Amino acid sequence: MRTCPLLLYFFLIFVSQVISDPDPLQDYCIAQPQNSQTFFVNGAPCVNPANAEASHFTTSALSKPGNTAANPLGFNVTLTNIKNLPGMNTLGLTMARVDIAGNGLVPPHTHPRASEVTILVKGSLLVGFVDTSNRLYTQQLREGDSFVFPKGLIHFLYNLESRAPALCISGLSSQNPGAQLASSATFTTKPSIPDDILKKAFQINGQDVSRIRKNLGG
Ligand SMILES: *[C@@H]1O[C@H](CO)[C@@H](O)[C@H](O)[C@H]1NC(C)=O
């Protein structure tokens, strides 16, 4: 079959447009705080550019550690978003501060809309991701090391130190990366995925299903 080069060209343009957040058509679009939203856009409406301030482009949201004790796995993720950093609206970016207690774990999860690059600021981490052929890529990070998790792939971060907390800062390639934990997306959904499905999928029995649900707080 012969492929029309022009069609191929438009197809490639189309693909390059759908694999990341859309490019902004203006310098910025500072998110407008809304009380009652009456119309809906992909992102948030912009404030009048004449009212733009430097403060719209700065945030202290990541300056304080998250409370890792509030979570049984010992991690806490603090994100920038259009509320605490309205100037990032439409720019296709999010930053995250990830605090992980001693032997704490950010469990296997995906970001359906973003690749993530992380830099270990403090501590010692074992990080890894799994590609679509189920190959696992892991790396032990020391302070100052970075690692990239490709878009949509399952990944985790584990603090190898039993006492010292770890801190990393991540950049994500979407203003709304989304996060889906593999464990909660299967065992603690609302409503529940029927037991028969989980039994078959994980090759376990009904008691196993109940125990895992209960352990995960479902
Ligand atoms: C993360 O830390 C913040 C700040 O201490 C706290 O308000 C929040 O509840 C914590 N989140 C989780 C999921 O533990």
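In case you wondered, yes, glycine gets a Cβ from its N, Cα and C as well.
The following features are taken from TrEMBL:
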{"type": "SIGNAL", "residues": "1-20", "note": "signal peptide"}
{"type": "DISULFID", "residues": "Cys29-Cys46", "note": "disulfide bond"}
{"type": "DOMAIN", "residues": "60-210", "note": "domain 'Cupin type-1'"}
{"type": "BINDING", "residues": "His109, His111, Glu116, His155", "note": "Mn(2+) binding site"}
{"type": "BINDING", "residues": "His111, Glu116", "note": "oxalate binding site"}
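Distance from the CA of Cys46 (disulfide bond) to the CA of Glu116 (Mn(2+) binding site) is 26 Å. In the three-state DSSP assignment, the secondary structure recorded for His109 (Mn(2+) binding site) is strand. When the binding-site residues His109, His111, His155 are compared by Cα distance to Cys29 (disulfide bond), the shortest distance belongs to His111.
The binding-site residues shown are His109, His111, His155; of these, the one with its CA atom nearest the CA of Cys46 (disulfide bond) is His111.
Report note: the Mn(2+) site is defined by His109, His111, Glu116, His155, and the residues of the same chain whose CB lies within 8 Å of the CB centroid of those residues, excluding them, are Thr110, Ala114, Phe129, Phe149, Leu153, Ile154, Pro177, Ala179. Cβ crowding, taken as the number of other Cβ atoms within 10 Å, peaks at Cys29 among the disulfide-bonded residues Cys29, Cys46.
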